[in-house]
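Input: a single structure, listed below in structure tokens.
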Amino acid sequence: MINSKNNSPIEISIIDYQMGNLYSVCKGIERSGGIPKIINSAEEIKKATALILPGVGSFDPAMKQLKKQDLINPIKDAISEKKPFLGICLGLHLLFEESEEGIESGLGILSGSVKRIKNEPEITIPHMGWNQLQLTNPKCYLWDGLTKYPWVYFVHSYFAQPKNPNVIAAAVTHGTQQVTAAIQYENISAVQFHPEKSASIGLHMLNNFVQQSCN
């Protein structure tokens, strides 16, 4: 178990907005030295010290659910307060302004949009399975202690396209297309792949997030 500066265990709050199974994320945090806490209210987000926004599903239903639970402004406030924040899969997409997958506006925390992977004769969509990361920002704390080209597990048909390419922390190649696999901007980290399903490499990344939440 990883402890904070005051020697208390590190609690990682996982936002439940009814978009995906949270069990594997919780187990990943447990195995990475943190204490997972599932939260679903504005007040809980306000009290949280570190946050994960996971998600499996589609862009529009996710944004509608965040609105229904009145979580949009609390998430924005938490990020502006510099709380450690990790988005996973759909949780990465929602940080941006819009998506080709729907008509709802995203959180708009990062400038850019979400695009669909283009069809090619030799690839399948969704991009599903193990693939190697290209670490475009090797200084990103998530990669601390990892090899140069780690293998991680993907399941997605869409990818984020930031207006500022400097926020891209890793990319992945599917067919002839190189797409965003992770972003890092100030206290915001987000990954397209599933670290909780990426064996020891993914657990190492989650451990790095828990460690970052101590600071």
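Yeah, the Cβs are placed from backbone N, Cα and C, and that goes for glycine too.
These come from Swiss-Prot:
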- Cys89: active site, nucleophile (ACT_SITE)
- His194: active site (ACT_SITE)
- Glu196: active site (ACT_SITE)
- 11-215: domain 'Glutamine amidotransferase type-1' (DOMAIN)
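The 10 Å shell around the Cβ of His194 (active site) contains 20 further Cβ atoms across the protein chains shown.
If you average pLDDT over the domain 'Glutamine amidotransferase type-1' (11-215) in this model, you get 97.
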